[in-house]
Structures are given as C-alpha cells and as structure tokens.
Amino acid sequence: MENQIKANNKKEFDEWFKPFSEKLQLRSNLTNSASLCDRVPDLALAEMKMALATDDKEKDSVFSNALVEATRFCAPIYECAWTCSTGVVQKSLSWFDKNKDFIKLWDAKYMDLKKGIPEPEQLVSYQQAAQKWRKDVGYEINQFTRSLTHPVVAEYKVPGELLLMSRMLSDMIRRRNVLLNGDGENAGKKVLISREHVSWGRELAGGKFQVVFNPPWGDINKCGKSGIPLAATAMVKVAELDGSKKLEDIRQALLDLKKWVEDNKDALEDGKGNELVQTMTKHLAKHVELSKKSNALRAQGAQIDTPFSAYYWAWSAGVKPETFFTLSQFLFEMGQSARGGKKMIKALTSTPLRWGKGLINLFADDDFLGNRLYMHPAVLTPGRMSEMGACFGVIPVASPEDAILGSGHSKNILNFKIDTSVQNPCASTIVQLIQNPEIWL
C-alpha cells in the first residue's frame, strides 16, 4: 500500500485529478470548491436525540456526531487531494528537516507551549514560518489554497423563521467575551475607543502632525483606565480599522513634526518641542507593542495555518512519506464517527505505528495554564486532530475512491457557500447545529 495521489507539481496533479473527479461526480452548487455535497445536511434526527438526552455527556455525544454528519460531504476535494499528493508530502516533511533553525523560536519551546500562553514573538515566528513553507513547497495553486492577505468582510443572514436565534447569538457573544476578558462584573464589556479619538489618529496618519498640539482628551500623556496612553490606543485602533500601513503614515507624520520643531524653535517654549517629539515617539513605540500583541493574541484558532500545522504535527510525530498513507487512513476513519478525547488517545495508543504515540506526546497538558483560547497554533490537542483530518483525512490516499463515503471534520463547513440565492447552506447548517437551546443554555 502507498500514496496513490502521485504528482510532483500542479500539471501532474491536474492530470491525476481529472478522471478522479469525474468518477466521484463532484459538484459545486452548494460549496465554493467542488465537493461530494448534493444537499444541505438534514440534522432533524440529531435534534430529536438531543431532546431525549438526559445528561451533558450524552448531549456532547449527540452534538459531536451531528457535526460529523453535517461536514461529511462538504470538504473541498481538489484542495484536499493536492495537500496529500506525493510531491507536497515529500517536500513538506523535508522542509521541516531543513528549516529547524527557522522554527526554533517556538519548536524548541514546544514543551513550554503545551503548558501555557505563548509570547507574541513565538506567534509571529509561526506565521513567518507558515508563509515560508507555502512559498518553498509551492503549496498555493489556486484561490482556495492561498493564505489571506486582507480581512474577510462577510454578512451572514439567518432566515427569519428560526426562533431564538437573536437570543442565542447574544449569549454566544457573551460567552466569547467571558473567554476573552475573564469572568466578573466587567466580563463581556468591550473597551470602547472614542470616535473622536479615532478621528484624531486618522488625521495624524493623514499627515496633520499639528493635531498633537491639542488632542481631544487634553494632555497628550493622559492614560485610560488601563494605564495605556490614549494616544497609543487611538493609533492602534486606526491601524486595526484602516490597515497596518497607517503605522508608516504615522511614523512619517512624526518625522515631519520633528523637522517642523527644529525649524520653528522660536515658536515653542524652551524644550517643549523636543519634549513633545520624544513623547510622541514613545507613544508610537507603545503603539507598535500593542499592535503586535493585539494581532498575535487574538484567538489562535483563527490564526492557525491548518495545512502547515498539520504537516508540523505529522513531522514531529515521526511520519515519513512511506507511512503517510497510514495516517491518512486513520484520520479518514476518524471522520466516520465522532470520538471524544479519551477515545482518541486510546485509538492512538492502540496503533502499532510510532506516530500514534508521537501525536499523543504532542498533546497540550490537561492543566494548561491560562486561557486555552490563546494556545499557540502549533500545539496539538485532541480537538485539533480535526484540523489534521480536514487536510489528510478527507481522501484516504492509499484508496482515494473511498472518499465517496465522506469524512466529517469541522473545518469542512467553511467550504459551504454563504450565498442566499442557494439558501445560504453555511448558515443553514450552522443554525441546525446550534439552534436547539439545550445545546447552549
């Protein structure tokens, strides 16, 4: 047995994929990239089972199985096959051997990352490594294999006949805020930045350095309740809303301010001009620090580069090109029915293949210190096994035709369209999964 998706480049892969796709009769009426999906999943049976469930354990089992069924046939087959092709497998596993120094900042500290929250530099290093891997391997062959370079702006619409959705979504937002901000009387309260302060930051970025002489909050050194200068938070918000290029615009405005101060010393009180320049330079440095932490410490699940992390885990666990097909088969079977963390560990322990215990050794500690929402994207958990499944387990590479049976992994759901002209299958499926109040109350 061996990997049957034999291709070293896109041309060879397309030649392999054409007869394969015709045999599977792929379609794209409900998904962005062609899939096996021919209808929006019907989860009525799961809803009935949920209503009859008597405890949380049973409810979790019902929901997990419903998630598998909801995502079983919607995976992007072309992209999954490319990710598992012999050329990508060989190049990716070799890439980590050759780039140990490039990933050292977080790879060498993996045992620490299993236990606690990463440093921002370790997150930035991960992102840089992921981009280098994509370029070196030649992974990006179409719009669905490219990494994002700009924010995704999308409006999700839920059919009005669905009851309790507003209440449910409000509760989900509240729970998210508790995760982000902690529990207590201030939990869920978002720190608001005045529109007036944002306008001030935009004017500064626009080259109007004179706004620093009279900021809307008064003293340029004034801090908010967090102890952070208001000038710094205003600049951070502008960069967040309008793009990181605004940082360079602000830096240029401060250089213009410095030159103006040097040329107009007589118009300023002794020493005040240089003091102002130093103050704004300090605030700019604070802005850079805050921006780095703000960008890096957003939910790490959202920042995970799924194929890159999947290959990192495979490499770290000792998977070789010759044994890759066994991992693919394991993940394919994992997508046939839901497995909790304990069953996952038991299955990995039972396999005679060395990568089984290798993956277990990568799992984050049960007593992880801090908010797991901020766990480094290179750290594996039983839940993140689904990320690997979405890459390597949709098509069992030793027998690709078996993909017709489907394999459910949560990230597959992102392939559903959000187009209302086809009844927004993405929103419809998600709503079916979470509309039952028993799941979220």
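The count begins at 1 with the first shown residue.
Each Cβ is built from the backbone N, Cα and C atoms, and glycine gets one as well.
Remote same-chain partners of the motif 'DEVD' (266-269), defined as residues 6 or more beyond its termini with a Cβ less than 8 Å from a stretch Cβ, are none. Under the heading motif 'DEVD', Swiss-Prot lists 266-269.
Among the features that Swiss-Prot reports, site 'Homooligomerization' is placed at Phe213 (among others), with the record citing similarity to another entry. Phe213 (site 'Homooligomerization') falls within a helix when secondary structure is assigned with DSSP.
Annotation source Swiss-Prot lists site 'Homooligomerization' at Val277 (among others). In this structure, Val277 (site 'Homooligomerization') is part of a helix by DSSP.
As annotated by Swiss-Prot, site 'Homooligomerization' applies to Pro352 (among others), with the evidence given as similarity to another entry. Around Pro352 (site 'Homooligomerization'), a 10 Å sphere centred on its CB holds 6 further CB atoms from the protein chains shown.
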Legend entry - Overall pLDDT for the motif 'DEVD' (266-269), taken as the rounded mean: 79
Legend entry - Cα-to-Cα gap, Phe213 (site 'Homooligomerization') vs Val277 (site 'Homooligomerization'), nearest whole Å: 11
Inset, instruction - Let me know how many other Cβ atoms fall within 10 Å of the Cβ of Phe213 (site 'Homooligomerization'). - result: 10
